[in-house]
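The block underneath contains the structure these notes are about, expressed in structure tokens.
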Amino acid sequence: MPPQLQNGLNLSAKVVQGSLDSLPQAVRKFLENNAELCQPDHIHICDGSEEENGRLLGQMEEEGILRRLKKYDNCWLALTDPRDVARIGSKTVIVTQEQRDTVPIPKTGLSQLGRWMSEEDFEKALNARFPGCMKGRTMYVIPFSMGPLGSPLSKIGIELTDSPYVVASMRIMTRMGTPVLEALGDGEFVKCLHSVGCPLPLQKPLVNNWPCNPELTLIAHLPDRREIISFGSGYGGNSLLGKKCFALRMASRLAKEEGWLAEHMLILGITNPEGEKKYLAAAFPSACGKTNLAMMNPSLPGWKVECVGDDIAWMKFDAQGHLRAINPENGFFGVAPGTSVKTNPNAIKTIQKNTIFTNVAETSDGGVYWEGIDEPLASGVTITSWKNKEWSPEDGEPCAHPNSRFCTPASQCPIIDAAWESPEGVPIEGIIFGGRRPAGVPLVYEALSWQHGVFVGAAMRSEATAAAEHKGKIIMHDPFAMRPFFGYNFGKYLAHWLSMAQHPAAKLPKIFHVNWFRKDKEGKFLWPGFGENSRVLEWMFNRIDGKAGAKLTPIGYIPKEDALNLKGLGHINVMELFSISKEFWEKEVEDIEKYLEDQVNADLPCEIEREILALKQRISQM
């Protein structure tokens, strides 16, 4: 941020909504400093009201940023510049004094566990980008709460942005507006600054009326100063700073300091036919089915799944030793392709109104369309692709971008959990890790202990996804599904997880690993997935209660024969689904050991080294 300026600045920007005098002093100072730096024409303090939202949506429609989808109620479509479609790991940095605070120093090459930038380089980058970057535009002031307003687990942020798309999306994804300022008072807040980096008048014409500045895109986190600064991208993960930037990168660092966990996890409630309920949290990399699992329709009669959150969990042990979790978000920012009545009926019901779609295709009758939507088109209805061109299946390219999104209010989900906004959070009894593994990894196994479970999280690997800019089908290490989101050194993060076992009175959740994606020799999935995954959750539920049978294997406990309820399923090759090959696991543990030794190096906790050795030994005795 620029040098602290005197209070009561003579701002050239005109305040068009709200009043500077109504702001807490620290918020006002933050706003004035950055208005001086970015030089917007107008300042708009967001109140979060319906009326304000309607006005902004109408304004974006006039400017061609959004199109109204007339088939649904208050739904909108944004098509971005094709250069601004995903999170960009290579341009996302954490700024600390010492590199080792941010990433372990790897043995060879570059760290894959985050990108560090020095304070000097960041100051240069800031000064090359932000002065005058909002000329001709409005600076919106967004007061937002991550988590239910007033929950002891919640945190408040203020985002300054020149993008009305960000304002409308943040209103869905967070609790936003005047009530947040009232709750904040003189309290602490995370300072978020965002600009699309396109001052007016424009130097070159926009693509799709979507302002962005891909050449200069930078997303920076300054954990010591509680600041997030993002430039040049309008895409959700880079511009909705409450999401990954605050709720994971910044929050994981706060959690380390304050003794809690901020994780890339869904939270679901599952109730058995007897009416007993448990809450589980699950970490999968992006596009591995977190949203589908969180909103599952169980195929097992009498079982019920309810959704607390589909992406992020903030968890803290309470005085009784229960791990309590809240969903810090207020909406779902879900990947659209592959979402259908078959794969996720509850998501389809959620997105029928008050939803902003980005980079999906549009039908000529004012609806949305994407790969895997599985809905026949009415005769005569045509499709316009996310590239704004007439589209037909013969074109040989997808109609929707693989990372196209829906941004929709969580309260609209038909199976939202009754306690989803409970200020004290819900008690987590099981933690699930998982990834997309076509070979070698069984459908489900249970960790042998908390320490072993932390190792299982550290060893997570998955086929690459569309949510980041990587292409192709390679198996990537994605520890805890947090690889793109660590806010500090991953070795210290592992030590923090291990330290939870020292918490007095802690009732440690059981830890499981799942793989819905194992394939047979013909390349067909061995497990039907989706609602049938409730059968795996049933086994976990009963394991937590000490009821279900399990068989000890070198990698953990797997269901005993007949312990997994397969009633009503066609033929399932259980042998192949649960087979554990010595050859595969020798290679797997070698890859994991090499990765952790290389990437975490001197910061790898000795408990994790012990788990690697113990696993090697168990495999050698197979």
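Glycine residues also receive a Cβ, built from the backbone N, Cα and C atoms like all the rest.
Keep in mind that this is a model prediction, so the values were computed, not measured.
What Swiss-Prot annotates here:
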ACT_SITE  Cys288  active site
BINDING   Arg87, Tyr235, Gly236, Gly237, Ser286, Asn403, Ser404, Arg405  substrate binding site
BINDING   Lys244, His264, Asp311  Mn(2+) binding site
BINDING   Ala287, Cys288, Gly289, Lys290, Thr291, Asn292, Arg405, Arg436, Phe530, Gly531, Glu532, Asn533  GTP binding site
MOD_RES   Ser19  phosphoserine
MOD_RES   Lys70  N6-acetyllysine
MOD_RES   Lys71  N6-acetyllysine
MOD_RES   Ser90  phosphoserine
MOD_RES   Lys91  N6-acetyllysine
MOD_RES   Ser118  phosphoserine
MOD_RES   Thr178  phosphothreonine
MOD_RES   Ser286  phosphoserine
MOD_RES   Lys473  N6-acetyllysine
MOD_RES   Lys521  N6-acetyllysine
MOD_RES   Lys524  N6-acetyllysine
MOD_RES   Lys594  N6-acetyllysine
REGION    457-487  region 'Omega-loop'
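Annotated features, which come from Swiss-Prot, shown on the structure.
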| residue | record | DSSP (3 states) |
| --- | --- | --- |
| Ser19 | phosphoserine | coil |
| Lys91 | N6-acetyllysine | helix |
| Ser118 | phosphoserine | coil |
| Thr178 | phosphothreonine | helix |
| Lys244 | Mn(2+) binding site | helix |
| Cys288 | active site | coil |
| Asn403 | substrate binding site | coil |
| Phe530 | GTP binding site | helix |
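The DSSP secondary structure for Gly236 (substrate binding site) is helix. Separation of the C-alpha atoms of Arg87 (substrate binding site) and Lys244 (Mn(2+) binding site): 10 Å, rounded to the nearest whole number. Cα-Cα distances to Asn403 (substrate binding site) place none of the recorded positions Lys70, Lys244, Cys288, Asp311, Lys524, Phe530 within 10 Å. Taking the Cβ of Thr178 (phosphothreonine) as reference, residues of its chain lying under 8 Å away and at least six apart in sequence are, in sequence order, Asp47, Gly48, Pro143. Here Lys473 (N6-acetyllysine) is compared against the binding-site residues His264, Thr291, Ser404, and the shortest C-alpha distance is to Ser404. Here the candidates are the recorded positions Ser19, Gly289, Lys524. The one whose C-alpha lies nearest to that of Lys91 (N6-acetyllysine) is Gly289. Of all the Cβ atoms in the protein chains shown, 27 others lie within 10 Å of the Cβ of Thr291 (GTP binding site).
Gly289 (GTP binding site) sits 28 Å from Lys594 (N6-acetyllysine), taking the Cα positions as reference. All chains included, 13 other C-beta atoms sit within 10 angstroms of the C-beta of Lys71 (N6-acetyllysine).
Between the alpha carbons (Cα) of Thr291 (GTP binding site) and Tyr235 (substrate binding site) lies a span of roughly 20 Å. Pairwise Cα distances among Arg87, Tyr235, Gly236, Gly237, Ser286, Asn403, Ser404, Arg405, which the record gives as the binders of substrate, peak at 16 Å. Nearest Cα neighbour of Ser404 (substrate binding site) among the listed recorded positions (Lys71, Ser118, Ala287, Glu532): Ala287. When the modified residues Ser19, Lys521, Lys524 are compared by Cα distance to Gly237 (substrate binding site), the shortest distance belongs to Ser19. Tyr235 (substrate binding site) sits 29 Å from Phe530 (GTP binding site), taking the CA atoms of both as reference points. Considering only the recorded positions Lys91, Arg405, Lys524, the Cβ with the fewest other Cβ atoms within 10 Å is that of Lys524. Averaged over the region 'Omega-loop' (457-487), the predicted model reaches a pLDDT of 84.
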